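As recorded in TrEMBL, the features of this protein are as follows:
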{"type": "TRANSMEM", "residues": "37-58", "note": "transmembrane segment"}
{"type": "TRANSMEM", "residues": "70-88", "note": "transmembrane segment"}
{"type": "TRANSMEM", "residues": "100-120", "note": "transmembrane segment"}
{"type": "TRANSMEM", "residues": "132-150", "note": "transmembrane segment"}
{"type": "TRANSMEM", "residues": "171-190", "note": "transmembrane segment"}
{"type": "TRANSMEM", "residues": "202-219", "note": "transmembrane segment"}
{"type": "TRANSMEM", "residues": "252-274", "note": "transmembrane segment"}
{"type": "TRANSMEM", "residues": "286-306", "note": "transmembrane segment"}
{"type": "TRANSMEM", "residues": "318-337", "note": "transmembrane segment"}
{"type": "TRANSMEM", "residues": "349-368", "note": "transmembrane segment"}
{"type": "TRANSMEM", "residues": "380-401", "note": "transmembrane segment"}
{"type": "TRANSMEM", "residues": "421-439", "note": "transmembrane segment"}
Amino acid sequence: MTALPSEAVEIEGVVLLDKAVQKPALSQSSRYSYEKWFMLGILSVLSAVNQTICYSYAPIATIVEERWVHLLPAETLITIFFVSYLPCSFIGSWIMDQKSLAYGVLLGGLLQAVGASLRYLACFLTPVGELYVTLIGQLIASLAMPFMVNSPPLFSANWFPPSKRAASTSVALNANALGTALVYMTAPFLVHSGDDIPDWNLYVALLSIGSCVVAMLFFRSKPTTSVNEFSTSKLDYKYDWRQWWTAFSHTGFWHTIMAFSLAECIVNALSALLDEFLSVTTFSKTQIGFIGAAFIVSSLVGGQLVSQKVDKMRNHKTVSLVCLLLTAVSIGLFQLVPKVKVQATLMSLLVLGAVLGPIQPIVLELGVECSYPTSEATVAALQQLCGNLLSAIAVPGLSALQHMHTEDHAIMRDFFTSPEGVMVILTIATFVVFCLFKGKYKRSAHETKIVLPCINDDQVFDGTHPSSAATFC
């Protein structure tokens, strides 16, 4: 028996039937449209604040270390975030799956506010006391990281239809990096000596408290009306811890892990080593801060623009491959461009950010699709966990390699022994592996309630047989 679809969504050459959703009244639909973007804005601000706390001392590390009488490197505060995320990612995913999205996000906002407040109060103690209380405050704030970086795909599933999820995930995911850009654009101008540290910490604390209060008043897990029926999340179910390892049994999930981890590693490496990459130039700390912020902003813009196109075309794999290939080329150009040429260096970083930014949100959504019914929060946690592990290994190694690398001449012999050359090789290897991706759009197929004759559960939606999806039972 053949059914005529009333509305269709094309996913890489395969037409799927959207499940029937009763259209709400015009006023109700308009209210819901504004509401979901408001919720996305709240989550994005909280995520940006989390990264702001993490990197708050990065551009002013020398000043902070002098205030602490060189008892501890300022980079330790960043390391706390990465280390605490490893065990807390499991707990954060469990809380959001077992309780609710809002429960986890609000808990994260509260932890950020408490941690940032302790950092401010620490400024009125002795240098030793300030150091220890600052570390405690940083640790408390770092506990919020899993709720911010793991929640975007779950939020998108609850609030947005499939046609807008990649864009929504991109906004919330890239907002985390926007916090780093905010620090690089403000801290060098507000902090000129150790006496300015208390005021800087006060600004960060007020931002954390303000965003937490707004979230407490307005943020919700999902629409209260029946307007949105796209989410497949269930309120009452027993949490399945097996999904943390069974996710890797789904076809294609390993490929998304590799692509996400590579992009995370490159972003972290460039953010951490940019000062060393530009050490041969006469750039000031303020100028390097602007360049670093421009790189991050370009990745945000590129990620958002490309994600919107992916939402319409549903060509996640193709776009990911193109971005990986262009990333390898852009890193190579950044290495070969003489660093004394300011405009060429800046342009190469802007291009790199624009093609690197889309990779993470796109492959995150792709990972959620191909590993269904693994929860969205668990998929995000696994990808972020692997990305942080790779960064923890690669960034120190690339830093050591940068110190040994001679930058007098960019010849090919030096290229493949440089940090940029290593990143190019890793990117090309990831590109080759990702070409073999054959995952299925399982979540979309489940949500559209389609029965595809002649296509078993193991067959891939690759678009090679478009006519086979035209008949519905």
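Every residue, even glycine, has its Cβ placed from backbone N, Cα and C.
The model shown is predicted, which means the values in this text are computed figures rather than measured ones.
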Feature contact check the transmembrane segment (202-219) with the transmembrane segment (318-337), CB under 8 Å, 3 or more pairs: no
Among 252-274, 380-401, 421-439, stretch most in contact with the transmembrane segment (132-150) (C-beta, under 8 angstroms): 380-401
Contact call for the transmembrane segment (252-274) against the transmembrane segment (286-306), three or more Cβ pairs under 8 Å: yes
Distant-in-sequence neighbours of the transmembrane segment (100-120), which means Cβ under 8 A and at least six residues beyond its ends: 43, 46, 49-50, 53, 92, 133-134, 136-148, 151, 154-155, 158, 198, 201-202, 204-205, 207-209, 211-212, 215-216, 219-222, 377
Contact ranking winner - 37-58, 286-306, 349-368 against the transmembrane segment (202-219), Cβ under 8 Å: 37-58
Listed stretch, out of 70-88, 171-190, 286-306, 349-368, that has the most CB pairs under 8 angstroms to the transmembrane segment (37-58): 171-190
Residues of the parent chain within Cβ reach of the transmembrane segment (349-368), under 8 Å, 6 or more residues beyond its termini: 152-153, 156-157, 165-166, 169-170, 173-174, 252-253, 256-257, 259-260, 262-264, 266-267, 270, 291, 294-307, 310, 316-317, 319-320, 323-324, 326-327, 330-331, 333-334, 374, 376, 379-380, 382-383, 437, 439, 443
Within-chain partners of the transmembrane segment (70-88) [C-beta distance under 8 Å, separation at least 6 from its ends]: 54-58, 60-61, 64, 127-128, 131, 134-135, 138-139, 142-143, 145-146, 149, 384-385, 388-389, 391-392
